[in-house]
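A quick write-up on the structure given underneath.
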Amino acid sequence: MSTSNITVFMPSVLTLIGIPGLETVQCWIGIPFCVMYLIAMIGNSLLLIIIRSERSLHEPMYIFVGMLGVTDIALATTIMPKMLGIFWFHVPDIYFDSCLLQMWLIHTFQGIESGLLLAMAVDRYVAICYPLRHAAIVTHRLVTQIGAVVTLRAAFLVAPCLILIKFRFQFYHTTIISHCYCEHMAIVKLAASDVRVNKIYGLFVAFTVAVFDLTFITLSYAQIFSTVFHLPQKEARLKAFNTCIAHICVFLPFYLLAFFSFFTHRFGAHVPPYIHILFSSLYLLVPPFLNPLVYGAKTKQIRIHVVKMFYS
């Protein structure tokens with residue numbers, strides 16, 4: 001392959017510049033990001049402690065909430081230390097292999113979160129549409145199997161993205177990534193090679209995970225609402241709605257921010273880079289920050305045990 005003077009052969013170090021156009025105020029942007037991260041860590045840790053210690057919360061719905069909490073902690077921790085290092089301590093460099101590992105972890109945890117949101121929607125569907133059979137259908141063994149399948153699906157689907165970058169690209173136009181973290185398309189755009197295979201596979205993964213999961217979440221809630229509207233008692237309808245509100249408040253921001261980031265990376269040439277990067281960063285921080293607040297406020301059993309813990 002012929003290369004020009006500006007191409008770099010297999011760089012060992014890449015540079016993350018943070019938020020393009022807002023470099024002078026990144027130190028201030030890091031403050032709310034850090035606050036969101038701390039709330040996410042404390043809130044999700046508190047949820048996990050309560051769910052683990054209270055035997056009355058050892059039900060499938062709460063186990064899924066616990067799995068979601070673990071995923072949120074891992075996802076936020078994957079990006080925030082490096083992001084704050086860029087914003088506050090001006091440490092933008094990252095080893096190429098570390099960048100690929102961060103990319104794989106980020107997209108794997110995103111895939112796990114999407115799968116868990118689908119599992120929680122199906123659990124609510126069974127609980128509301130087939131309440132007498134819920135305990136027999138959604139067993140602890142099934143919950144464990146779902147958790148394993150969701151994790152393996154995400155890990156194996158994302159792994160080829162890492163392999164395709166590592167072994168297909170040898171020359172790069174630049175080593176500077178216009179982003180706060182190592183994202184798949186942000187790395188692919190650096191390559192001085194044909195990137196169509198990587199783009200096509202990235203689209204395949206995105207549609208396999210997000211579109212598949214969101215479609216079945218939508219179908220589950222269509223059945224749930226149909227069943228709820230036919231309940232004879234108003235109190236029963238309100239109770240059924242209340243059990244679903246927390247989940248809806250969690251998955252709507254997750255998928256809205258996900259699709260904004262996805263389509264902006266590929267088709268948003270006219271979107272200012274700082275808008276795109278800010279929303280992409282919020283996409284990874286808002287769900288871990290929001291989930292414990294929503295479940296703590298909207299789930300009565302969890303709320304009661306939180307109050308008990310603070311009083312004791």
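Glycine is no exception: its Cβ is also placed from the backbone N, Cα and C atoms.
According to TrEMBL, the protein has these features:
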type	residues	note
TRANSMEM	28-50	transmembrane segment
DOMAIN	43-295	domain 'G-protein coupled receptors family 1 profile'
TRANSMEM	62-89	transmembrane segment
TRANSMEM	101-122	transmembrane segment
TRANSMEM	142-165	transmembrane segment
TRANSMEM	200-219	transmembrane segment
TRANSMEM	240-262	transmembrane segment
TRANSMEM	274-295	transmembrane segment
Query: What same-chain residues lie close to the transmembrane segment (200-219): Cβ under 8 Å, and 6 or more beyond its ends?
result: 107, 110-111, 114-115, 117-118, 121-122, 153-154, 157-158, 160-161, 164, 184-185, 188, 251, 255, 258-259, 262, 266
Message: Before we move on, state whether the transmembrane segment (240-262) and the transmembrane segment (142-165) share at least 3 Cβ pairs under 8 Å, counting only pairs 6 or more apart in sequence.
response: no
